[in-house]
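What TrEMBL says about this protein:
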- 1-20: region 'Disordered' (REGION)
- 41-269: domain 'Nucleoside phosphorylase' (DOMAIN)
- Ser48, His79, Arg102, Phe103, His104, Ala134, Glu220, Ser239: phosphate binding site (BINDING)
- Asn262: purine D-ribonucleoside binding site (BINDING)
Amino acid sequence: MADFITTSQKPSDSRGSSSTLMTETLQVLKEIVPPELQNPRVGIICGSGLSGLAASLRQSVLVQYEKLPGFVQSTVPGHKSALAFGLMGSGAGIPVVAMLGRFHPYEGHKLSSVVYPVRVMGAIGVKDIFITNAAGALNPALAVGTIVVVHDHIALPNLTGMNPLLGPQIDPSFPRFLPISDAYSRSLRKLVFHAAHQLSMNRDALAEGTYAWVSGPTYETPAEGRFLRAAGADVVGMSTVPEVLAAREEGMNVLVLSLVTNAVVIPASYKSVREEVETEIAGNLIEPVIDEKVSHEEVLALGKMKGDLMKSLVAKVLDLLPPPV
Ligand SMILES: O=P(O)(O)O[C@@H]1C[C@H](O)[C@@H](CO)O1
Ligand SMILES: Nc1nc2[nH]cnc2c(=O)[nH]1
């Protein structure tokens, strides 16, 4: 599934961004999207259950992924398969393009396909990318419903050979060894807290944290949850990091907002089966083990519940963006 590069792959097809493919994609966009919306300043990626973000776009034009060469289909419930171009924010608004539905490696998509829309955003001039996702809380201080402004990530797949930037460089002007110690724009993160203040958001509704990327599609075992927490992650999810890397390579400023949709089940202590049996044999009452399980339905329901808050926050951040230089 990962894009491991073999010597038989040509540089142009190893990362799915051959210049001919990109030219074809851009041609289709040019035919469908009105000229005034063709070069959006901001790109938005809508996470699970968060496609409603695009409902506030004005003069919006939808382009179905099936019409766009290089785009695959999103197969996950809660993700649509279209790009929305339009204006967002108050006043005249800012031209944005929103991905209504993203691609995840666990769907069987190659990493090059997962990040191709970000490459397209780069090609049409997107400067700032706002990436949203649904995530599970590892940090017990994060309540369900909190929006986490991501300031760092831990990506075990990246460290073990599943990195979207593996392979021949798609553009010789891009750095071969991309530094990502500052991947998450400090100024955009600050804007989110200013926006939250202007919206009179409750202080607890917004937090900062580190996102752990896992491949999915399984959710975490308790031991995996403990492991990621011990490593310093606050939330965990199955997307976002490949998009962040591609966006940084394209030179975009990156903002990531994770909506905590569930708590990752990390029991404080392991309930020993031996002790339980010994208690039963002794004829004593045993405390029932509570079987909590996360489900994608729960994730989507939370997305629906908090969608409006995420929408207002993103729109306010757009209003606060400094004028383009
Ligand atoms: O696309 P995102 O990261 O928002 O979706 C999360 C991760 C999985 O795709 C899904 C699991 O419920 O939600
Ligand atoms: N890996 C992972 N992804 C999620 N997306 C939403 N919730 C979760 C979770 O608990 N774990």
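Including glycine, each Cβ sits where the backbone N, Cα and C put it.
In TrEMBL, annotation is done automatically, which means it is predicted and not curated.
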Suppose we screen the binding-site residues Phe103, Glu220, Asn262 by Cβ distance to ligand 1 with a cut-off under 6 Å; which survive, in sequence order?
none
Across all protein chains in the structure, which of the binding-site residues Arg102, His104 has the highest Cβ count within 10 Å?
Arg102
When pLDDT is averaged across the domain 'Nucleoside phosphorylase' (41-269), the result is 94
Long-range Cβ environment of Phe103 (phosphate binding site), under 8 Å and at least 6 residues apart
Val72, Ser74, His109, Ser113, Val114, Pro117
If you count Cβ atoms within 10 Å of the Cβ of Glu220 (phosphate binding site), leaving out that atom itself, what do you get?
21
Near Asn262 (purine D-ribonucleoside binding site), which binding-site residues out of Ser48, His79, Ala134, Glu220, Ser239 have their CA within 10 Å?
Ala134
Would you measure the largest Cα separation among Ser48, His79, Arg102, Phe103, His104, Ala134, Glu220, Ser239 for the phosphate site and round it to whole Å?
22
Long-range same-chain neighbours of Ala134 (phosphate binding site), Cβ under 8 Å, sequence gap at least 6?
Gly47, Ser48, Gly49, Leu50, Gly237, Ser258, Leu259, Thr261, Val299, Leu300, Leu302, Gly303
With the Cβ under 6 Å from ligand 2 as the test, give me the qualifying entries from the binding-site residues Ala134, Ser239, Asn262.
Ala134, Asn262
